[in-house]
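What follows is a short report on a single structure.
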Amino acid sequence: MGKPLLFEILEKPATSCIIGICSIIWFYIQNKNIGYGNVGLSYETAIEGHHWRIITSAFSHISVIHLVFNMSALWSLGVVEKLDHMGLGLEFYLHYTILLVVLSGMLVLGIYHLLIHKFKLDYFRRVTAVGYSCVVFGWMTILAVKQPSSKLELFGFLSLPISFAPFESLIFTSIIVPQASFIGHLSGIIVGYSIAWGLIHGMNNYWALTMLGWIIFVFVFSLKRSGAFDFNFIEIEPVTDASLPSVGFIASGNGRTLQMSTLQLGGAELV
C-alpha cells in the first residue's frame, strides 16, 4: 500500500505547488477561452519584445491531456526533493527549476533563430510552444544522470527506467503526439545534461533570488512595453537616448485591462 497523498505532498512541497499553479492556470485559460497564441512562446513574438512569454508558455497548458501528462511525469520526478543525501533536495530543485524554465525557453528561441536564418525555414517564425515539458525533460535528464536506478512513473501504472526515459519519451511523444515540440523537449534535455554534468553549476540562495528578481523585472517590463497588459501605475518615458527606456511610478487609478490580439500563427507545439 502506498503512502497517503497528504504525506506525499508534504514530502514534495515544491512539486506540489508547481502542479497546483499549472492546474489553476489551465483552469483560468479554459474558463476565459484564452488561446495558445495569447500565452505561448514563438520566435516572432519574442523579437517583438514579448519576453514574458518565456514564463507564461512554460506554465500554460491547452488541453487536459497535455496538463495531466506533464504533471504526472513531474510528480514522479519530484523525488529529487527528497534526495538531500545525493546533493539534490528541495533547495537544489528550486534553484535549478528557475534555470530550467529560463534557459530551456531561451534555447528554444536560439534553435528557432538558427533554423530560420541558417536553414531558411520560415515556418518556425510562427510556431508557438506551450507547456511545462521543457522543465520535465530537464529534470528527467538530471535524475537519469544522478540516480540512474530510479524509475519514472506515469499515470500511476506506466513505469520507465529513468536512465532511458529522456530519449524514450522524446521519441514516444514525437510519434504519438504529432504536435509535441521535439525542439522544446530536446532543449530541456540539453539544459538538463548541462546541469547534471556540472557545466552549469554554482546556484545558491543568493543567485536564485537575484535571478528571480530579474525575471520578475523583465516579465513586468516586457508586459508593459508590449502592451499585452495595462499597468497604469508604471510609466515608460524616453530619456536622452530614445532607445533606452526608464521606468517610473506615477499616481493613477488601479484599473487593469488584459488586452489580447489575434496572431497569425503557423501552428502550436505542446511542450
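Placed from the backbone N, Cα and C atoms, the Cβ positions cover glycine too.
Positions annotated as transmembrane segment by TrEMBL: 12-29 (among others).
Looking at the domain 'Peptidase S54 rhomboid' (49-200) alone, the prediction's average pLDDT is 92. The feature domain 'Peptidase S54 rhomboid' is assigned by TrEMBL to 49-200.
Feature annotation from TrEMBL assigns transmembrane segment to 50-73 (among others). Beyond its flanks by at least six residues, the transmembrane segment (50-73) meets 19, 21-23, 25-26, 29, 36, 39-42, 101-102, 104-106, 109, 128-136, 140, 152-156, 169, 215, 218-220, 222-223, 226, 228, 268, 270-271 of its own chain at Cβ-Cβ distances under 8 Å.
Residues or ranges marked as transmembrane segment in TrEMBL: 93-115 (among others).
If you look up TrEMBL, you'll see 127-145 (among others) marked as transmembrane segment.
With a threshold of 8 Å between CB atoms, the same-chain residues lying at least 6 positions outside the transmembrane segment (157-177) that come near it are 73, 133, 137, 140-141, 143-144, 147-151, 185-186, 189, 192, 270. The annotation transmembrane segment is assigned in TrEMBL to 157-177 (among others).
The feature transmembrane segment is assigned by TrEMBL to 182-200 (among others). Nonlocal intrachain contacts for the transmembrane segment (182-200), taken as residues 6+ away from its ends with a CB within less than 8 angstroms of a stretch CB, comprise 96, 99-100, 103-105, 107-108, 111-112, 129, 131, 133-142, 144-146, 166-167, 169-170, 173-174, 269, 271.
The transmembrane segment annotation in TrEMBL covers 206-223 (among others).
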